[in-house]
Structure formats: C-alpha cells, structure tokens
Amino acid sequence: MLTAISMSAIATNGVVPAGGAYFMISRSLGPEFGGAVGLCFYLGTTFASAMYILGAIEIFLKYLVPQAAVFHSADHLGRDSALLNNMRLYGTLCLSLMAVVVFVGVKYVNKLASLFLACVIISIVSIYAGAIKSMTHPPEFPICMLGNRTLVRDGFDVCAKTVIMGNITVPSQLWNRFCVGGNLSSTEQCDDYFIQNNVTEIQGIPGLGSGIIRENMWSNYLPKGEILEKAGLQSVDVHRPIENFINYVSADIATSFTLLVGIFFPSATGIMAGSNRSGDLRDAQKSIPVGTILAITTTSLVYLSSVVLFGSCLEGVVLRDKFGNAVQQNLVVGTLSWPSPWVIVIGSFFSTVGAGLQSLTGAPRLLQAIAKDNIIPFLRVFGHGKANGEPTWALLLTGLIAELGILIASLDMVAPILSMFFLMCYLFVNLACAVQTLLRTPNWRPRFKYYHWALSFLGMSMCLALMFISSWYYAIVAMGIAGMIYKYIEYQGAEKEWGDGIRGLSLSAARYALLRLEAGPPHTKNWRPQLLVLLKLDEDLHVKYPRMLTFASQLKAGKGLTIIGSVIKGNFLESYGEMQAAEQAIKNMMEIERVKGFCQVVVAAKVREGIAHLIQSCGMGGMKHNTVVMGWPYGWRQSEDPRAWKTFINTVRCTTAAHLALMVPKNVSFYPSNHERFTDGNIDVWWIVHDGGMLMLLPFLLKQHKVWRKCKMRIFTVAQMDDNSIQMKKDLATFLYQLRIEAEVEVVEMHDSDISAYTYERTLMMEQRSQMLRQMRLSSAERQREAQLVKDRHSLVRMGSLYSDEEEDVMEVPPEKVQMTWTREKCEAERRNRNNAPENFRELMSLKPDQSNVRRMHTAVKLNEVIVNRSHDARLVLLNMPGPPRDTDGDENCILCDFYQQHPMRFQ
C-alpha cells in the first residue's frame, strides 16, 4: 500500500506512457537506476509468469486430470522426478499456448481476463460460504493420529490398530505398517511408540464454531523432518530413535517467518500489473492510482479474512501438511468450500492462468520500453514489434526466459528470487517519490495529494528489511545483478538527460558540500594538489600538447579537482562559436586521456589577460585550484614576438601573487602514456629550496598510478662546503620517515668554483640586450637587428674563450683585439653598423655585468651540470624553480628565462 501511494504520486506527475514502473523510476532517478531496476523487474515479472504456469499445471495434474500424466514411477523418489518431468512438459505446452494468445493481441487477453476474474470471484465467495456453513455442518474430513503424531493416510483405510472381520479381531493395515508379522499376541517386532500409544481419529475441519483458533493463534515453526504433532492429545514418549519415519507426516523444509514471507510475497506482487500496461490505458494518470489502491485494498481484505477463516476452521496439523499426506492429498480449501470442491479447483486454475497471461502481457511491454529508450545498446532490437506496436521480439525473449523458470519446475525455488526483484522495484519506486518530494523540484506537481516523503521512506525501509529478512543471500544476488546492470549502463549506455531526481540530489549535495568547504581552509592532512592545467591550442583548435593531460591524469587519478583551462585571443561576441568548439575539443581529449575534471575556455584580447582571469576566477567557493600547471615556453629564443616569454613570466608572477603552487613540465612530449608501464627506474627529486612537503608529495601521488608504481624514489639535497652533509642526510631521512614516504636520500656537495667565461659572457649578453632595449626606442625590425648584433659580438668572445688557456685573460680582451674569422663583407658591415650606432649603444659594449646576476647564472649552470650528471638515467626529474625577479618593469625580465633554461625539469 505504501508503494502504491508513492506510485500514484509519480504516475499523476505527468504522462506515463508504456513502461509503467520502469518509466517512473528512470524519469525520477535517472537511466542507470531505471534500467537496472527495470530489467530486474522485467526478469521478476517473466519468472512470475513461469511460477503461475507451474501452479496451473500442478492443479491440472493433481486435481483436474491426474490421468493426463505422461511420466510415471512406482517408488517415492521416482514419483517426485516423474511429477517434475510432467510439469516441465505441460508447462512448456501451456506457455506456448499463452504466448500465442498474447501474440494475437492484448484485446483477447483483456476479454479472457474478465472470464478469469469471474471464476476467481466465485471461488472466493464459495470459501466464505463454506466457512459459514461449517459453523453448523462441518464437512467430514478425518485425520488419523497415533498418540499426538499425524499419520500419512496412505495404504490403509481404517484408522485403527485392529479390525473385526466377522467375529475375529485381526490386525489392520495400519498394524502391518508398524509391526513385522500379523500376530496380535507378539509385539516384540512392533514399533514401541505404536504399541504404547492409541490410534485416534480427529476432524481436520472442526468448523468455525469449534474454537480451534485459540490453538492456531500462535506460531509453531518446525525444523526440516520434524513430525507434525497436535497439542492436547495424550502421548507416551519413547526414548528411542524414531522408527517407521515414513508413516508420519513431517515438515518438508525448515520453516521460519522469513522463509514463509519470501514464499508468500509473490501473491502480493500483482499491484504492478496495471502500471506495466500503462501504454494501453486510456487515462493512465487516473486509472493507475484508483485501480492499484482499490486492488490492494480488496486483495488485502481477502487475504487477511482468509487467514482468519482458515485458522478458525482447520486443525493446525492440516494447515502445516504441505502436500496433504494426512488427508489423502485432497484439496483442503476445496473441502471447506461450498457447494463443491470443483469450484475452488477451477477457480484456482483460471486464477493462475490469468495471472500468467497478465505477466506475459506486461513483461514484453516493459522490455520494449527499456529497449526504445536505448539506454542498453544490445537490447535495441527488442524495441521493434508489429505495426500496431505489439512487442513481438520482446515476447519471444520473454517466452524463452519463462521457459527456463518452467524447467526448474519448483515453485519454492523460483518464488524467493521473484520476491527480491519485486521488492527492489518497490524500494526504488518509494525512493523516487521521496527524493522528488524532498528536493521540491518545480516540476514535481502530482495530482495525487495523499502522499508524504515519510511514508515513502517507511515503505522503502520495509522493502529493504523484507529483502534481507526473507533471504539474505537471494537479496545479495539480486542487488549484485542490479549493480552490474547499473555499471553497464553507466559506462556503455547512451547518455540521457531526463531531469531526474538524482541529478537534482547531486546539485543539492554539491551545494551543501561547497557551503561546508567555505567554512575554513583545508587542513594540511586533507591538502592535495587541485590543478588548473593551462593548455595551448593550435590554429585548428586542437590540443597542442596532449601529454599535459596525461600528466594531470596520472597525478590526480580521479581524486580532487582538475580544471583544464585555455585562452582564445579575440573578442567574445565574435569568437563564441570558436570557444565552444575549443571546449568540445578539450573535453574529447580529456576523455581520451581519462582526465576527470572540468573544462573552461575564456576569450580575451590578450592571452596574458585571459590566463590571469583563469587563475583568479576558476573554481567555486572552497572548491578552487591551489596549483597551476603550465607548459614550458618552447622556442622563445627564436620567436620574433617578445610575448612568447612575457606570457610565461607574467603567468609565473600571477601564480606567485595568488599564493598558488606552480608546476612547469619540460619536455612533456616525452612523458609516458597511460598505457605504458615502467618496470624499473627512478623518480629523482632535487630538493633545493626546502618548501615543505610539496615536492615530496608529487612523486608519491604519481606512484599511486600504475605507470609509475614500480619506480623508486630518490631525494637529492644540495650542501655547501660549510654544511654538515652527514647531519643533513639524517635530518632528511627523519623528515621522510615522518611523512611516511619511502625514498633513497643523497646529499650532493657543490664546491665554490671560479666563474666560467661562458657564464660571464652569457650574463653580460643578457644584461646588455636588456639595457639596449630599454635605452633605444627603435622599430621592431631595428630592435631585432641590434639584438642580433649583440649576439654575434658575444659569440665571437665566447669562441675565443673556448680556445684560450686562461679564462681570465679572455674575459679581459677588449673588443678591438678580438681575432675575428669573418668574411670581408661581414666585417665591413659590422664597422658600418658600429659607426652608425648611437653613442649610448657604444657605451653598452663596455658595460660590466652585475656580479649578483653573474653569481646566479653561475649557480644555475653548475647545478644543471650536477643534476644532469646524477640524474641522467632517471625516468623523471623534479626540482624547485627560482622565483621571478623583483623588478616587474622593462624587458630585462627575459633574464629569468635564461635562469629557467638551466633547470632540467624534464621527462626522460
């Protein structure tokens, strides 16, 4: 009833086409939940049709036409096997006939449904009439008892130990079942319990006025094999193992409340029959709530009143005699009913046949609705049917699956898994209603007003509890099947946007989480790199360096925040379409490289401004990036555009100003793909500036990925002459131990050596070039010519230094005394350019470099030599970058690019 209330609310919140429960769940909870639960519900409905057909065949072979059995056997075990084979044979024939009826058309099923309903109503009325009649004239229904034990009524007619034939008392047929030999005077070879207890006969249907309900009021669950006993009958216990066990009626299975719920629950699963055929209803929004709730009310009253009537009219041992062994396998309910047992037999037969037809009608339509939504690609073929929409292919598959259930040929084996599938469907119908109600989405306006989220949650909780109460292992199997279908749809199914409640729930959860993150900065324990990856696109809007995304993918492994950003130069109004194309290209590349994150492309008049905007504005609330990843500016020396290195320097400054970490992958094109596996090698970390644990954290995160998992980690730190190298190594090893990072520690000692001529001239060239560009206001072409002149001049000086024995002497050689190997024409051109240059340019030629800059360049060059020497065979080298210059004005910042150039942060 709780599920019906939830279903009524969903059904009246819009049009419900074919699909019924599947349509409601999928549009409320999304295609993944809808497909998973819909398929499980389809399987449950299909197996339910097999269960109903097996029930019909059991009635047919046991009560209607027993002589129709094809397979026969004399022994007990053989009879069971023959019965199963007969049920398989006739079940297959019945299924084929029903499938033909459904194939012909649903209108014939509807006509037969009225006939079946009439038979069911008549049979139910006959049960009430028989119960009332039993108050005054209970039917004759004897049960033979030995002591308080119930005997199997098979092989004897008289319920007595002896019978009188003429004037002679002779052993009865019952005596011969418990004693060896027919001598009444010799009881040594008789069953002790048989000898010491009396044989009595009681009425199996004492009637409504007998007061038997007092004995039947309380539960009496039995283990498997326990003999059915009647409380109140005198019995003498015999402390010996039970002999002649086959003569007693015993429990065929271990009964419990949970087990019986699982077996009984399929009788209450018909509430979805109307919703399964929602596509055939004239007004589904009106018919589903009214029809379903009235049907549940009616059937609940019938079930509950029948339970009370049976408990008031029948003996407990008869109620627990599953196969009717104590009553010669007569139909107990048929005996109770009035005017004839045949009313019940025929009514039960048509009831099961009608239920089977309804299941065979609804299940294919459910499968067709799932196939038409195209959320499961391999089911697409079952969306087709006849011209009038009848699901032909879906009916064929349904028939084949139902045949599997018939081949099992056991109701008790089929029923529990059916209960799981139906309960799972009911659970998600309740969940869908509760989610929609709590989210208060604007589209949630059901016409059915008698619902509440608390009722839906109560129904959902009861469904989940019943699943595990009835059979926990079947529940796990059913949930496992649904989980696999869910994952399959998530990864292979078509993308659908139905405005489902799960998406709304995700938005609400995201908003709540963002507000919680806003409460304060993250603790250091929770800190991880949240990346903003700056990508460069080519003229065709393709990602220029895809390995940047590979690096982000392996560093993050799906954890934390990753934002992929790019800048398109231009005007937003004119470049909007280009921006969308760029976003799609980046998203496609993110999918290829398995990067889980977000994409943001901005349009700006200058690339530098766009990057600054990304650094400032990406993210939301507490979910913002703390690390910027940008590529190395390749070819900045050869570029005629000074913006090639200015953009890089400006990004470094913006990142520093925003107090963010910066990672610059160099030679990223050599970075391994996600499909490669390193079986050995090292990740070298050069911890030059002790910046905390950031540099240590990066290789640890990379090693979580399968590409780097087998690589070893080495930590290098640099010591000066006056440092204690041994103590530094111990301190660093302790620091790594506290960080729980396994790595090999090495201390590299750098000696103060003389500054090389190359370093001196390199620094001098950069300073002179910056000074020249600052003092001269030349055109772009002149600037390029003068800069090249400075380069050429210093190239000569550097060549001289390479062939000199004393570097100091070379550094003091005046420009006029340099032995040049130029051609005459080039030499004349050089003299003319010198004579035409301004006076301040001549002063530049005699400029002495700043000693601090020389020292910095010297350190970079020496460090580069050490790193290349020690880490030339490493898979990956990580090291600190120097900070940007303090002076933000002028063109001399390109000196920084030279400093960076000396740092081999590269992937090998």
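Note that Cβ sites are derived from N, Cα and C of the backbone, with glycine treated the same way.
Annotated features in TrEMBL:
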DOMAIN    2-132  domain 'Amino acid permease/ SLC12A'
DOMAIN    243-532  domain 'Amino acid permease/ SLC12A'
DOMAIN    546-664  domain 'SLC12A transporter C-terminal'
DOMAIN    678-757  domain 'SLC12A transporter C-terminal'
TRANSMEM  33-54  transmembrane segment
TRANSMEM  89-106  transmembrane segment
TRANSMEM  112-131  transmembrane segment
TRANSMEM  245-268  transmembrane segment
TRANSMEM  288-310  transmembrane segment
TRANSMEM  393-411  transmembrane segment
TRANSMEM  417-438  transmembrane segment
TRANSMEM  450-467  transmembrane segment
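Distant neighbours of the transmembrane segment (393-411): 43, 46-47, 49-51, 53-55, 58, 84-85, 87-88, 91-92, 95-96, 99, 102-103, 360, 363-365, 367-368, 371, 381-385; these residues of the same chain sit at least 6 beyond its ends, with a Cβ under 8 Å from one of its Cβ atoms. Relative to the transmembrane segment (288-310), the listed stretch 112-131 leads the set 33-54, 112-131, 245-268 in CB pairs under 8 A.
Predicted-model confidence for the domain 'SLC12A transporter C-terminal' (546-664) is 86, expressed as mean pLDDT. Across the domain 'SLC12A transporter C-terminal' (546-664), DSSP helix (H, G, I), strand (E, B) and coil residues number 57 helix, 24 strand, 38 coil. Contact check: the transmembrane segment (245-268) against the transmembrane segment (112-131) gives fewer than three Cβ pairs closer than 8 Å, residues 6 or more apart, which falls short of the contact criterion. Within the chain carrying the transmembrane segment (112-131), a Cβ under 8 angstroms from the stretch's Cβ atoms is held by residues 101, 139, 208, 302, 305-306, 309, 312-313, 333, 336-340, 343-344, 346-348, 350-351, 353-354, 357-358, all 6 or more beyond its ends. Beyond the ends of the transmembrane segment (33-54), by six or more residues, the same chain brings 19, 21-23, 25-27, 87, 91, 94-95, 98, 266, 269, 272, 276, 352-353, 355-356, 359-360, 362-363, 366-367, 369-370, 373, 375-376, 398, 401-406, 408-411, 414-415, 417-418, 420-422, 424-425, 428, 478, 481-483, 485-486, 489, 493, 502 to within a C-beta distance below 8 angstroms of the stretch. Note on the transmembrane segment (417-438): residues 2-3, 6-7, 9-10, 13, 21, 24-25, 28-29, 33, 37, 40-41, 43-44, 47-48, 51, 261-262, 265-266, 269, 272, 444, 451-453, 456-457, 459-460, 463-464, 466-467, 470-471, 474-475, 477-479, 482, 501-502, 504-505 of its chain, located 6 or more positions outside it, place their CB under 8 angstroms from a CB of the stretch. Secondary structure of the domain 'Amino acid permease/ SLC12A' (2-132) per DSSP, as helix, strand and coil residue counts: 112 helix, 0 strand, 19 coil.
Sorting the domain 'SLC12A transporter C-terminal' (678-757) by DSSP state (H, G, I as helix; E, B as strand; all else coil) yields 24 helix, 19 strand, 37 coil.
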